[in-house]
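A.B. asks: Below you'll find the structure I mean.
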Amino acid sequence: MRWNLNTSAYKRVSSRDAAMDPDVEMPVKLADGGGAGPSWRMSLPHVCVATLTSFLFGYHTGVVNEPLESISADLGFAGNTLAEGLVVSICLGGAFVGCLFSGSVADGIGRRRAFQLSALPMIVGAAISALTNSLEGMLFGRLLVGIGMGLGPPVAALYITEVSPPSVRGTYGSFVQIATCLGILFSLLVGTPVKDIDRWWRVCFWVSAVPAALQAIGMEFCAESPQWLYKCGRTSEAEMQFEKLLGPLHVKSAMAELSRSERGDDGENVKYSELFYGRHFNVVFIGTTLFALQQLSGINSVFYFSSTVFRSVGVPSSFANICMGIANLAGSIVAMLLMDKLGRKVLLSGSFLGMAFSMGLQAIGANRHHLGSASVYLSVGGILLFVLSFSLGAGPVPGLLLPEIFPNKIRAKAMALCMSVHWVFNFFVSLLFLRLLEQLGPQVLYTIFSSVCVVAAVFVRRHVIETKGKTLQEIEVSLLQPQ
């Protein structure tokens, strides 16, 4: 199935004709000093506070990586791979629950309050995990943290899209992946002393409460989404928020554009059932499949259990994990620079192919009897290259594509649905990884992951359109008109 981008629904018009027609939207000029567009500086602090959610997402993704062995020993379930997997995956189950309600919460109480609501279970859950002396307490704390993790990222994607000037929306969108990488790297650094300091894993959980509290407090000083306020009929408040985000010179034009985009939009009344049939099914299918393939590639099994893999080949896990975090961050920065040059589709397909090759190296490296010391280099090098390849496309691109390919009518609920699919597959891959590693062996399991990456690359080439340089209106029309 393909969709035609060369639609006749959008034709070039002269600037004079555009000015005479109130329904024709003019492009916003870049704010590069002498341009007429709004400056990026006013909205930057608000975006940075919002990306703390992504930082927390990354931190809790990696926080149990290094300390998992110490946690299991202290809480009395050492050697129980199912319990160890449950400590990781219960957080993802909670994230699924939180994500399901993220769209309704964001539309019901606003973006700012939704951020603060997501911070509350993350603070309480982190405290319970740090203080517990039982497996049950650890699972309950991780479940609460997961609910906050599921609620925050979809709201962050909405908020950043809605408060960012058009000229820097893509760059600000890339901040989400960079913040996630910084969170993962920070969790690896914090977990480094876990082997030398008794019960250091408790400190690792306490640390996570700090950025959650900072976000809850910081959101009191951030702007509310003008789009949400306008939908609620609070027009004067929306104008005040636009002034805070864009400056007083751009309030009238922003309100006029918002009025045109909202004309005839009944997005508040959309039901989840409408996403599974009719003209919206195509874009929802692309979004959910991308996130499913992203998780089935095995990326989060690498993040969660890389310490176990490194130790199995005799490599100090703390050093290797830090290298993995650096590779993730470096790739994300490169992706941010290339996103609007090479395009989303090129980065995404190339990323999946690189991941397939890297996982193949790990499968070969698992044959230690024939390769000897070379298996160490193949295993560790394969993991680092896998993470680098992921961060170049498969990591940042799906989250950026969501606000682009989803029509405004279904955007909030479609994002919540796709992120829920992400958490479901994340949960089962994380829960079953160690057990499958025991029963199938690393060669078979890594070969399966590599094959999934190849399938993902083919899917991207066949079904994903290039959105670089196209307006949201052009993307919406092209995707809703199958060729």
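Cβ coordinates are placed from backbone N, Cα and C, and glycine is handled just like the others.
Unlike curated entries, TrEMBL annotations are predicted automatically.
Features from TrEMBL:
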- 46-468: domain 'Major facilitator superfamily (MFS) profile' (DOMAIN)
- 82-102: transmembrane segment (TRANSMEM)
- 114-133: transmembrane segment (TRANSMEM)
- 139-160: transmembrane segment (TRANSMEM)
- 172-194: transmembrane segment (TRANSMEM)
- 281-306: transmembrane segment (TRANSMEM)
- 318-339: transmembrane segment (TRANSMEM)
- 346-364: transmembrane segment (TRANSMEM)
- 376-402: transmembrane segment (TRANSMEM)
- 414-437: transmembrane segment (TRANSMEM)
- 443-460: transmembrane segment (TRANSMEM)
A.B. asks: Can you check how the pLDDT averages out over the domain 'Major facilitator superfamily (MFS) profile' (46-468)?
C.D. replies: 85
A.B. asks: Of the listed stretches (139-160, 172-194, 281-306, 318-339, 414-437), which one yields the highest count of Cβ-Cβ distances below 8 Å with the transmembrane segment (376-402)?
C.D. replies: 318-339
A.B. asks: Report, as numbers and ranges, every residue of the chain located at least six residues beyond the transmembrane segment (114-133) whose Cβ falls under 8 Å of a Cβ in that stretch; write 'none' if there are none.
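C.D. replies: Result: 50, 53, 56, 60, 75, 98, 102, 105-106, 140-149, 151-152, 155-156, 159, 202-203, 205-206, 208-209, 212-213, 215-216, 219.
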A.B. asks: Please determine whether the transmembrane segment (172-194) and the transmembrane segment (414-437) are in contact (criterion: at least three Cβ-Cβ distances under 8 Å, sequence separation 6 or more).
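C.D. replies: By the criterion, they do not touch.
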A.B. asks: Cβ under 8 Å to the transmembrane segment (82-102), counting only same-chain residues 6 or more beyond its ends: which ones?
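C.D. replies: Those are 60, 64, 68, 71-72, 114, 118, 121, 135, 138-139, 142-155, 304-305, 415-416, 419-420, 422-424, 426-428, 430-435, in sequence order.
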A.B. asks: Six or more residues beyond either end and a Cβ under 8 Å away: which residues meet both conditions relative to the transmembrane segment (346-364)?
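C.D. replies: Residues packing against the transmembrane segment (346-364) from afar: 293, 297-299, 335, 338-339, 371, 378-379, 381-383, 385-386, 388-390, 392-395, 397-398, 442-443, 446-447, 449-451, 453-454, 456-457, 460-461, 464, 466.
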